[in-house]
Amino acid sequence: MTNQTVPPLFPHRHLLGIKGLSPLDILCLLDLADQEIAVSRQPEKKKSVLRGRTQINLFFEASTRTQSSFELAGKRLGADVMNMSVGNSSVKKGETLIDTAMTLNAMQPDILVIRHASAGAAALLAQKVGCSVVNAGDGAHEHPTQALLDALTIRRAKGGIENLIVAICGDVLHSRVARSNILLLNALGARVRVVAPSTLLPSGMADMSVEVFNSMEEGLKDADVVMMLRLQRERMAGSFVPSVREYFRFYGLDKEKLKVAKPDALVMHPGPMNRGVEIASDVADGPQSVIQQQVEMGVAVRMAVMEALLDPRRNPSNGEAA
């Protein structure tokens, strides 16, 4: 009888985006993340699965929340974690991303976590190094671990994702979070809506299998999940909204607008929040908010991603697939 090779649960070498992942890949990561939550909640928050492995966090954009989450995730798995301070690095002296990648690659890391302002930076890095690469956000392109943690939060609260109405509201144009969430939620069978002023909607939304609304009252009607997005004024070269006050009046989530969603609708925000701009404080801190749960799920998801990419018991080839 011929022995059959059991395929790895997660056959990818890198996590560069949600695009390219199958529903089975996504569920594999969510199921593993469910197990990681228990590790984070026990007194001894430590596994040895990545003992002896090296993780380098390479953040070209400031991010207290995401960088801290990746650092904590690596340490809880037993990895040696190095945070590279780009502000004090050779990058500030004119070194290119590829030069930096080649230098780091020579140090033989096992995984590089990168955040960069340019779309495609993570994919470029993955072509130049011999280790796994995780995209922690590249321009307005993708933020895969944010979409995964959002999905985990929804699934744990609602019991599943299929057929849920999820309204993604706000600055969709500049949001890598929106793009990754749309891809993931569609893959798992949710009904996705985007709600934004026309000036903050990217072209091609109709091709992403979403319903588009310019009115919060219409877009939030009977929604199971309301996902607010940060107004990214630092990425805006021109005047996309008349004023912050006007934006909150029409697109900020307050109790009155939330009433048109389902009574048990979840309120989400990827952070950092601009209170009084995208969301009212009494909603952000209210009983329907799962914003703090999202933060907790972030550590679990990032643990799952790195364990899936690096643990030979889960990925014996350490990912020959892209």
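Heads up, the Cβ atoms here are built off N, Cα and C, so glycines get one too.
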*In Swiss-Prot, the carbamoyl phosphate site includes ARG65, THR66, HIS143, GLN146, GLY271, PRO272. Which of ARG41, ARG115, ARG245 does it also list there?*
ARG115
_Counting only residues 6+ away in sequence within the same chain, which have a CB under 8 Å from the CB of GLN146 (carbamoyl phosphate binding site)?_
THR66, GLY137, ARG176, VAL177, SER180, ASN181, PRO270, GLY298
*If you measure C-alpha to C-alpha, which of ARG65, ARG115, HIS143 (binding-site residues) come within 10 angstroms of ARG230 (L-aspartate binding site)?*
none
*In which DSSP state, out of helix, strand and coil, do we find ARG65 (carbamoyl phosphate binding site)?*
helix
_Span of ARG65, THR66, ARG115, HIS143, GLN146, GLY271, PRO272 around carbamoyl phosphate - largest C-alpha separation, Å_ = 16
*Quick one: what's DSSP say for ARG115 (carbamoyl phosphate binding site), helix, strand or coil?*
strand
*Taking the binding-site residues one at a time (ARG65, HIS143, ARG176), which has its Cβ surrounded by the most other Cβ atoms within 10 Å?*
HIS143
